[in-house]
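TrEMBL annotations:
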type	residues	note
ACT_SITE	Lys244	active site, proton donor
BINDING	Gly15, Cys16, Gly17, Gly18, Val19, Gly20	NADP(+) binding site
BINDING	Lys145	NADPH binding site
BINDING	Glu229	L-homoserine binding site
DOMAIN	176-374	domain 'Homoserine dehydrogenase catalytic'
Amino acid sequence: MAAPVRSVLPVVLLGCGGVGRHLLRHILSCRPLHANQGVAIRVLGVADSSSLLVADDLHSNGFDDALLADLCAAKSAGSPLSSLLSRGQCQLFNNPEARRKVIDTASVLGKTTGLVLVDCSATYDTVGMLKDAVDRGCCVVLANKKPLTCAYEDFEKLVSNFRRIRFESTVGAGLPVIASVTRIIASGDPVSRIVGSLSGTLGYVMSELEDGKRFSEVVKTAKSLGYTEPDPRDDLSGMDVARKALILARLLGQRISMENINVESLYPSEFGPDAMSTKDFLESGLVQLDKSIEERVKAASLKGNVLRYVCKIESTGCQVGLEELPKNSALGRLRGSDNVVEIYSRCYESAPLVIQGAGAGNDTTAAGVLADILDLQDLFHKTA
């Protein structure tokens, strides 16, 4: 028998790509578990890049499970949200009206039942909506890193009420990196340094190079396995790692921006997207990088070290790039697409706190987002 409902969490989801769809599927598959815990998640709206599908009655139970399952199937097939209008129980709003409707929904529910605005998109365009939602007393959960890595004032605004925001999945997917850092800081133990391999893609590439494989071959294999973005330069540029590093640096109190981070790209500017197509880069550009990467791998090996693409956050600054590390270190032992983070503080000075595990993938990231949503349940109105 299900437990009495103690917490009802109304949710509006921004972004129904891979992570967003996996989140909806997790919500559906966990219904029995959540019912036994006395928790109900009600999805009241789902937005993609062009429109918003929202429940007719914001104070209802939201979309039924059949509609949510059909929504996931429709978006997986590339169909628009408008294809679901015939199901009833919902309305459709196109941009820019859709953005206004999100704020209207936040205004209504922020004063009554509360609302969790979940950002699983990959755009900077949600920043305004998120800040407005915060102003209206709503909670925010982020898988999207970009709102936390734009202007520092925006970051400060979003985290101004730390009880109402969760962003664990922005760094390391479902790994408890953010939670660990914030707990250490809250205990009065100052974090002095964070070192991490925070890209599953680059972690895989670097570990495969140890076996003598060519850089171009490894990158192409990673792409075929679905580890990279459609254009692998999105990973090889290091910018995704830099965004994660910036979030961690700001969490430590550093008032810095992307411009303050020294980022090493694994390809020269003449091979960049503005100068070369993805096809040309894969067919002729990559192979030209083999020799220089091979030389660096061999130089590290002669010293008993390995190459890893890491971020280093210290009081003196933040940098992202290739580092030579001992083979027997936590980062040196890393294989495959796992993430590893080392956190140094007064209590963890000689032996850092090490967090390791799957740090990429839509399924893992979505599970982290769902855990963040549930972590907010005590802030919501209880029912009898």
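Note that Cβ sites are derived from N, Cα and C of the backbone, with glycine treated the same way.
Straight-line distance linking the Cα atoms of Gly20 (NADP(+) binding site) and Lys145 (NADPH binding site), rounded to a whole number, equals 14 Å. Cβ environment of Gly17 (NADP(+) binding site): Asp48, Lys75, Cys120, Ser121, Ala122 lie under 8 Å away, each six or more residues apart in the same chain. Nearest neighbour of Gly18 (NADP(+) binding site) by Cα distance, taken over the recorded positions Lys145, Glu229, Lys244: Glu229. Counting other CB atoms no more than 10 Å from each candidate's CB, the binding-site residues Gly15, Gly18, Gly20 peak at Gly20.
Apart from the site residues Gly15, Cys16, Gly17, Gly18, Val19, Gly20, the chain places the Cβ of Arg21, His22, Leu23, Lys75, Cys120, Ser121, Asn362 no farther than 8 Å from the centroid of the site's Cβ atoms, the recorded NADP(+) location. Confidence for the domain 'Homoserine dehydrogenase catalytic' (176-374), expressed as mean pLDDT, is 94. For the pair the residue listed as 'L-homoserine binding site' and Val19 (NADP(+) binding site), the Cα-Cα distance reads 14 Å.
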